[in-house]
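Notes follow the structure.
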């Protein structure tokens, strides 16, 4: 039997714990062994635990924590016994615990988790030092002792013997087991092999995804039946088909409370629009002189109107005159135009400001458009025009509310709990992926496949943001259960902290992957030789070091370490080649953006002008350094043999260029065009790149030491902690599932509810104890196992003659371990909250909203906070977060009189009118009036009505977007959605009706079969926005329902059936969106590229604010708790940046007339910002773990106590933000790069100097014992994060320069010169002014 112990959730069943006397345990063990049970043991030294029985479907089994690294093979561990490392195999197991695997699983789900009557006692066996492979074979023969043990009952899968008279038959294809296996396989989205746009199908084929589809499908089918029935069709009026369209636009897919609130606002806005149209109709009638119907018809007859059939009576004749446009007059049309303009502008403004009110505003706009298109035709006061749309809309809204209440109803409490379950499952899966990642070598190809961890973290953050919208309605509804909304929110808040801590794991993967990419065996050897040679032969400071006058302080700038460029006498071919190897890898070493991330000029040939990489520019810019002091005036392109200056562009005289010389003899216009097409931007960031190169030459250039061994040790030491964390999350998920399904079971038995609550509480406490003990053992000794590979290096004194071996890999692993411990602490806080809630809420009850509303009002009146803030840490210095800065008006002082105040208010009001959003609102109102002009003219009103021009008006209003990219995207999606929707509508119509005019039973059956698939697309299909799915489904419904309406309850105009309706629908939609598309470019298009660039610049300002708040947080007297306000800002900013990344795909729809839009640079910039935000949050988390003296040492070491260095960081962020917002270029000389000044303090990089006056002196030299200090571990993690923060700020400046360019050229910058400049500026350098190589890491 292999050493596989912990079954997964699907295979776990009937785990039992017992702690009885040794005699009873021995007899139980003998009986279980005799019955043929198989035993698998794990090591444990836990105290005795109460008996426990876990049945299938309930909480998962509990993993016993161990003191040493165990070989516990779980379902989420990818390593097996045969591939364990020797270090892991040499460890012994103490106090093994026996797992009993029985023959029959529990067939049913039971909520009674503890059944002492069925508990069996298995004795614990003595521990032996043995390999994991021998653990299983000796487990059943060892003697018993008093200890704790676990029992798992799993069905036996032993094969039958060959002479068995009844051999096992292969199950048929339609067997129950085979169908279940196929169903589980198809539930996996990866098994479908679908393109990304269709991955929503398998992801939503579950209970959570199908419930809203079933509810919405029944809702639409009922609405279709109302159209088919003659009586209801007639009652709904001439626009009865709007019933089905409304059921598509607003499907019954949301919980009860949001649906009720949206319905309330829908009625409010809809009837407000109707009241506005009634007022317009009254004023238009007054402008006509308030004529009667008879007088109006007589006037039409006098003007030449002839009734087609006078025998039909007066009503028929007046209706024909109205819809032929005989009563359209200029003054009433102007009144209707003004009212339409104002109403459309108002509802568009509300729609943009409050996205949840999207469809209520859309319905109000439709009501206004219907009234404005038909109102000018009526010569008398007719207030029922708006009711043509309001009546079917209100009827369908009532049906939607009924379906929401009675067909698979769902409360916000239930929906929020379901999202918490999803959050728990995804977090558990993320931790399982971590164990898989650590089992692979970074050098293998599998390591890069774990780059998807970043997307998983993004999905977790998006889920948190979705929960925030549901959180608003938790206490606004009636719900029945054990927990109320505030209790669930308290769990979600701790989950938010935990997920932000898990973001560090994805950065760890990228960091390791980056280090493995920049180090290869061939170049490491050459670069290492060049590095040592550079250290031994460079006697003086470099120019870059001498020019860092803006460093930490004046005393530090005088003793800045040398950069170690090429030796002064390095004129041999070997030193030049070694220097070239360093330069070739320099831009990669510190993660400088390369490969088309900078706009560069081409030096090889004109055809390569736009594709020269940043690395090539760096090498060319540094080429003069190799030539020593004899070529100090070499130009940037000295690498080429000859150069020719043509304007501002350096053109090398290469053969490829000379072959194109004849093209310059073309006519002047064509020649200019050719040269303009071949011309590219000049290089940017050359000065920063050279400083990075110098820093790379100075730092030890060594491959990460023992990286594979460190990760192997990390996997073994953290395996037990990962297992316990995953088990705890599985238990939490089962507890949440139980909470959601335990609402009406045994509703009248409080005794059973309390007993079940005690059982649940006992089990959660067991998981809490096991996880807390595993974390304690990990913090005490296991987290320091990774230092063992470095023990021999610290004992070898010869190694430090040139440099100390880089501890970069160790600090990166420390970074991982620190965040792992922080994440586990977050899980423990969640379990603590669950235990507290289980103790306070053992019985189900009815939660009603009036108490929450009353308490909220009382808290606002008294100034006390509600229950939402009871767990928030109230810091005594929270006033420090209040900003003491504010912007000023450079053109005026603060208002000092009533005249100034009134003038200030008026100026602010007029400025607000011409804001971009308000200008767009006025633009949409103008477009609505322009599209309605044919209805305002007497000659075209009848034609416009007969050809359904109203559809074009509605589509034009809805298609015009604020930015050009959105308008182009909407144009394409509406065209394709209308086309395919019309085809589907015709298929449904002709399938149900054949060649006839419509069969009610056939259409009801076909629509009933098709509507679930249509609603599935409507609910779940998203291509950047849900709009394509809405257009597709609405067009299909309109084609079918309007065809039925035209033949069974025809109005004044009948379009036909099937094809006639479909193609008219397509033409009107195409006409409306084409008008909107053209109008979007008038008078001046507002591009999405500008909006995205400005928003990215705004996020940089927010990052600077978070930087300052964390700096203030670190200087507080009490910093043991994370500031929830800062963490909320971090999460909101992360969601904003993530939405900007998704917004970049929308910008691709915008045409680029001046050149290709550099999308990859914006993606890199957003990704860098997202990483920087996560790093700042990680730094705040690390600050909470440090003692005061270590925290002071950290802030001093990383420069956060130096206002000049902090000012430079904020200046870089502000300059980059201002350049992106305005599009202006940046100076060539900026405070960046900041990384070189990060390494300018004396002493070791990861040890703070000069703190002997601290209460407990901190060591100043790196020692092996220091690596066993938890405070130093957190200190090293803080230094690692601080370096990453500075590096990311530098990268932001580099990318911004590549986008905006540079100005203020500094010619002949001293850093470009050779070492003669060093002797001119710094003739002597004392030894204490330099940094010795062994101080560098």
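The backbone N, Cα and C atoms fix where each Cβ goes, and this holds for glycine too.
The compositional bias 'Low complexity' annotation in Swiss-Prot covers 18-37 (among others).
The compositional bias 'Low complexity' annotation in Swiss-Prot covers 68-79 (among others).
Here Swiss-Prot flags 80-94 (among others) as compositional bias 'Polar residues'.
What Swiss-Prot lists as compositional bias 'Low complexity' is 123-147 (among others).
The compositional bias 'Polar residues' annotation in Swiss-Prot covers 626-644 (among others).
For 1-94 (among others), the entry in Swiss-Prot reads region 'Disordered'.
Residues or ranges marked as region 'Disordered' by Swiss-Prot: 119-174 (among others).
The region 'Disordered' annotation in Swiss-Prot covers 623-662 (among others).
Among the features that Swiss-Prot reports, region 'Disordered' is placed at 868-894 (among others).
Listed by sequence, the residues of this chain that lie at least six past the ends of the transmembrane segment (209-229) yet keep a Cβ under 8 A from its Cβ atoms are 203, 236, 240-241, 243-244, 246-248, 251-254, 395-396, 399-400, 403-404, 407-408, 410, 1000, 1003-1004, 1007-1008, 1011-1012, 1014-1016, 1018-1020, 1037, 1040-1041, 1044-1045. Per Swiss-Prot, transmembrane segment is recorded for 209-229 (among others).
Annotation comment: Swiss-Prot describes 241-261 (among others) as transmembrane segment, evidence class sequence analysis.
Residues or ranges marked as transmembrane segment in Swiss-Prot: 267-287 (among others).
Among the features that Swiss-Prot reports, transmembrane segment is placed at 328-348 (among others), with the record citing sequence analysis.
Here Swiss-Prot flags 361-381 (among others) as transmembrane segment, drawing on sequence analysis.
Residues or ranges marked as transmembrane segment in Swiss-Prot (evidence: sequence analysis): 387-407 (among others). Long-range contacts of the transmembrane segment (387-407) within its own chain (CB-CB distance under 8 A, at least 6 residues past either end) are made by residues 214-216, 218-219, 222-223, 226, 236-244, 246-247, 250-252, 254-256, 259-260, 263, 266-267, 270-271, 274, 363, 366-367, 370, 374.
According to Swiss-Prot, the feature transmembrane segment maps to 917-937 (among others), an assignment based on sequence analysis. Counting only same-chain residues 6+ beyond the ends of the transmembrane segment (917-937), those with a CB under 8 A from a CB of the stretch are 328, 330, 333-334, 336-337, 340-342, 344-345, 348-349, 352, 369, 372-374, 376-377, 943-945, 949, 952-953, 956-957, 960, 962, 1072, 1075-1076, 1079, 1086.
Counting C-beta pairs under 8 angstroms (sequence separation of 6 or more), the transmembrane segment (361-381) fails to reach the transmembrane segment (997-1017), with fewer than 3 such pairs. Beyond its flanks by at least six residues, the transmembrane segment (1066-1086) meets 916, 920, 923, 927, 930-931, 947-949, 951-957, 959-964, 967-968, 970-971, 974-975, 978-979, 982, 1035 of its own chain at Cβ-Cβ distances under 8 Å. Scored by C-beta pairs under 8 angstroms, the transmembrane segment (997-1017) has its highest count with 241-261, from the stretches 241-261, 328-348, 1275-1295.
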